[in-house]
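Engineer: Please find one structure pasted underneath; my questions will follow.
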Amino acid sequence: MSSLWWLLSNNTSPSGFLDNTTCFSSTQATVLSGNQFGGVPVVLLLDFSVFLVLLILFSIIRTKFWDYGRLALVADNEGSVHNLTNFQNISLLLEEKIKGKCGMDAVHYLSFQRHLIVLLLVITVTSLSIILPVNLSGDLMGNDPKTFGRTTIGNLQKGNNLLWLHTVFAVLYLALTVVVLRHYTSQIKGIQRETARNTLFVCSVPKTATEEAVKTHFIEAYPTCRVCAVTLGYDVAKVMYLDKERIRAGKNLRYYERILEKTGKRELINPRFCGHLCCCSNCEKVDAIEYYSAKEKDLLEEVRQQVELVPERPLGIAFVTLQTETSTALKCSGTSCCCGIEPQPSSNSGTLKVNKWRVSFAPHPRNVFWDNLSVRGFNWFLRCVMINFFLFFLLTFLTTPTIIINVMDKFNVTKPIYYLNSPIISQFFPTLLLWSFSALLPTIVYYSTLGEAHWSRSSEQLSMMHKLYFFLLFMVLILPSLGLILHCFFRWLFDKTFLTDGTLRFECVFLPDQGAFFVNYVIAAALVGSGMELLRLPGLLLYTIRMAFARSAAERKYVKQNQAYEFEYGAMYGWSLCVFTVIMAYSIICPLIVPFGLLYMLLKHLVDKHNLYFAYLPARLDRQVHLAAVNQALAAPIICLIWLYFFSVLRTGFFTSTSLFTLVVLCITVFICISYSCFGHFKYLSPHNSAVSVFLCVHPSDTSLPSLTLSLHIFCSKLQQSYGSTEGSLACSSTSVFQH
């Protein structure tokens with residue numbers, strides 16, 4: 001391997017920088033070859049034209065399909081004007097109005113975007129007014145104004161003292177990001193939920209346990225706290241499905257009964273799928289009222305049978321509702337074996353196996369997937385591992401656009417267009433292909449996350465956000481930035497003739513044209529991506545399919561009434577943070593990317609605000625989802641430091657002053673992050689406000705705690721990342737919020 005780095009240190013130009021003229025010579029790439037100014041003006045014009053077309057389509061679709069999604073629900077109260085004026089006036093919506101229509105999570109999400117907009121605005125000003133002129137002051141890439149490389153850091157000579165400016169600004173961007181995100185988290189921590197949490201979620205309860213035994217244990221072990229209700233969990237997945245179908249059949253029956261009352265005519269339907277689209281004259285039709293009446297009766301009987309079988313399928317979980325939040329936190333800490341403290345004993349401790357319990361605040365009832373509670377233990381773990389392994393294989397080896405483009409070049413598929421040298425071919429289509437795959441990725445990750453069968457919406461959205469961010473970062477940033485250096489590595493590792501017949505060029509990493517590639521990608525994400533999110537064509541396609549499969553007019557009406565879905569915060573956080581990371585990673589090396597990144601975030605904010613208000617149903621999540629997004633946003637300036645360090649090492653060497661300084665800053669930053677994440681140190685340097693949730697393990701005999709507000713996050717081993725946010729009633733006379 002030393003010979004490879006010998007090439008790196010000796011194949012330099014007289015100016016001190018490595019010669020990049022042969023970086024494309026090994027593969028004769030045609031698609032990724034350079035153009036005048038990286039093809040940015042042409043790509044910008046094409047993407048803007050596509051954006052205008054998408055806006056026109058949006059106006060037409062909203063006029064013709066105004067009853068699609070949540071739009072019809074909003075129209076009932078606020079009129080039925082659904083054209084571009086809605087999108088123009090969406091920026092004027094007040095926070096209180098959004099909170100009332102979309103929920104508190106929408107307020108947090110939009111506030112997070114506004115903070116990123118402010119951050120990008122400051123970075124845009126500094127990058128364009130300071131870093132860009134510094135890059136243009138060099139002469140390494142020539143004096144042709146059409147050369148995109150003149151705007152990058154690669155235009156500066158080796159040893160130029162102005163290179164220190166880039167390192168200093170990278171550190172300043174990191175500090176500025178922490179300050180902005182800290183202000184955001186302080187707003188989240190300052191907003192309390194409407195009601196207190198007073199319900200415990202207990203795992204690992206013996207399946208033979210009874211509600212009375214669990215209640216007796218809590219009363220004897222904690223006599224100072226009053227137990228309001230105890231509810232054991234059972235496998236009710238099939239019951240819920242059958243009951244949902246029964247309700248649906250009942251609504252269809254009532255629809256045709258009203259028609260009979262108004263017209264006196266009994267409707268006939270074709271009970272087959274797509275029956276109303278069938279043109280066959282021999283298709284047998286049945287009486288709608290008789291059909292749905294019999295269906296409702298049969299489903300009701302099945303529901304009754306399944307309800308009788310429910311007590312035979314316990315899940316080993318329990319929900320315990322207490323009088324106050326303080327007593328709930330006290331018991332939550334006392335019944336968890338942490339910090340060496342044993343739970344309080346009772347006469348039922350042995351039979352209930354209290355020492356094996358895992359206790360946490362219960363999620364809000366709307367935050368729980370009740371039909372997934374039966375998937376647990378080894379089955380859940382095996383399912384999760386298999387799904388994610390297949391997902392990693394699929395997305396890494398089959399859907400990476402850079403690999404596809406380079407494979408096309410290898411087999412000379414693009415040879416016929418080699419002599420065109422058009423920016424439309426070399427820049428517009430690759431970035432559009434990259435955006436298309438990155439747009440498809442959230443759908444793939446979404447359905448894979450559904451297959452994992454998470455117990456709560458918060459854990460599902462967290463998993464979706466982390467997976468989507470990782471895969472998008474790998475697809476959009478890492479592989480294109482490295483120029484498929486992994487491919488060269490494997491050739492060096494396994495191909496015996498590669499070292500004698502070829503040259504491994506590490507200097508081809510971070511080429512100037514690669515910076516243009518990412519600028520074009522951000523432009524495509526800002527214009528084409530925002531327009532496609534506004535249209536929501538996948539949702540419209542699903543709506544059309546469901547309407548086609550409906551058997552009758554009643555079922556089509558049911559589809560219209562139940563077409564709106566909850567906003568997927570995890571997917572949206574992951575996607576937008578990936579683009580934000582790309583912007584930050586190249587904000588120093590290629591400062592022209594920042595203004596287009598600001599454009600992306602502005603359009604993304606407007607489109608998401610519109611979709612939250614008019615297209616999606618309000619979702620209720622725990623604030624930990626929003627706080628996890630803060631941690632991922634903090635990774636962006638750190639990756640910027642890593643990219644700057646790699647550039648400095650590959651272009652100037654290991655032991656130059658700029659490389660060593662960047663390495664020291666990077667090591668200190670990583671050390672602080674690890675110390676904070678694993679050991680809780682350096683909290684005052686974190687993006688989270690100092691009023692963070694304090695992990696407590698309180699002995700139940702401590703009577704001085706009722707005056708404190710306890711925030712406990714004790715994770716259930718089988719409830720993957722379920723953060724408690726139950727807002728139950730404070731009145732003991734009320735029924736348990738977890739009763740179905």
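Cβ coordinates come from backbone N, Cα and C, glycine included.
In case it helps, TrEMBL gives these features for our protein:
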- 42-61: transmembrane segment (TRANSMEM)
- 44-181: domain 'CSC1/OSCA1-like N-terminal transmembrane' (DOMAIN)
- 116-136: transmembrane segment (TRANSMEM)
- 163-184: transmembrane segment (TRANSMEM)
- 198-372: domain 'CSC1/OSCA1-like cytosolic' (DOMAIN)
- 380-404: transmembrane segment (TRANSMEM)
- 383-655: domain 'CSC1/OSCA1-like 7TM region' (DOMAIN)
- 424-447: transmembrane segment (TRANSMEM)
- 468-494: transmembrane segment (TRANSMEM)
- 574-603: transmembrane segment (TRANSMEM)
- 624-646: transmembrane segment (TRANSMEM)
- 658-679: transmembrane segment (TRANSMEM)
Engineer: Restricting to the domain 'CSC1/OSCA1-like 7TM region' (383-655), what is the model's mean pLDDT?
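Structural biologist: Taking every residue in the domain 'CSC1/OSCA1-like 7TM region' (383-655) and averaging pLDDT yields 76.
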Engineer: When each of 42-61, 163-184, 574-603, 624-646, 658-679 is checked against the transmembrane segment (116-136) for Cβ pairs under 8 Å, which one has the most?
Structural biologist: 574-603
Engineer: Could you give the residue numbers and ranges of same-chain residues that sit at least 6 residues beyond the transmembrane segment (658-679) on either side and whose C-beta is under 8 angstroms from one of its C-beta atoms?
Structural biologist: 163-164, 166-167, 170-171, 174, 634, 638, 641-642, 644-645, 648-649, 652, 685-686
Engineer: So which of 42-61, 574-603, 624-646 is most in touch with the transmembrane segment (163-184), counting Cβ pairs under 8 Å?
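Structural biologist: Going through each listed stretch, the top one turns out to be 624-646.
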Engineer: Checking distant contacts: for the transmembrane segment (624-646), what same-chain residues at least six beyond its ends satisfy Cβ-Cβ under 8 A?
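Structural biologist: Contacts with the transmembrane segment (624-646): 105, 108-109, 112, 116, 166-167, 170-171, 173-174, 177-178, 181, 184-185, 188, 458, 461-462, 465-466, 469, 477, 481, 509-510, 569-570, 573-574, 577, 580-581, 583-589, 659, 662-663, 665-666, 669-670, 673, 687-688, 713, 721, 723.
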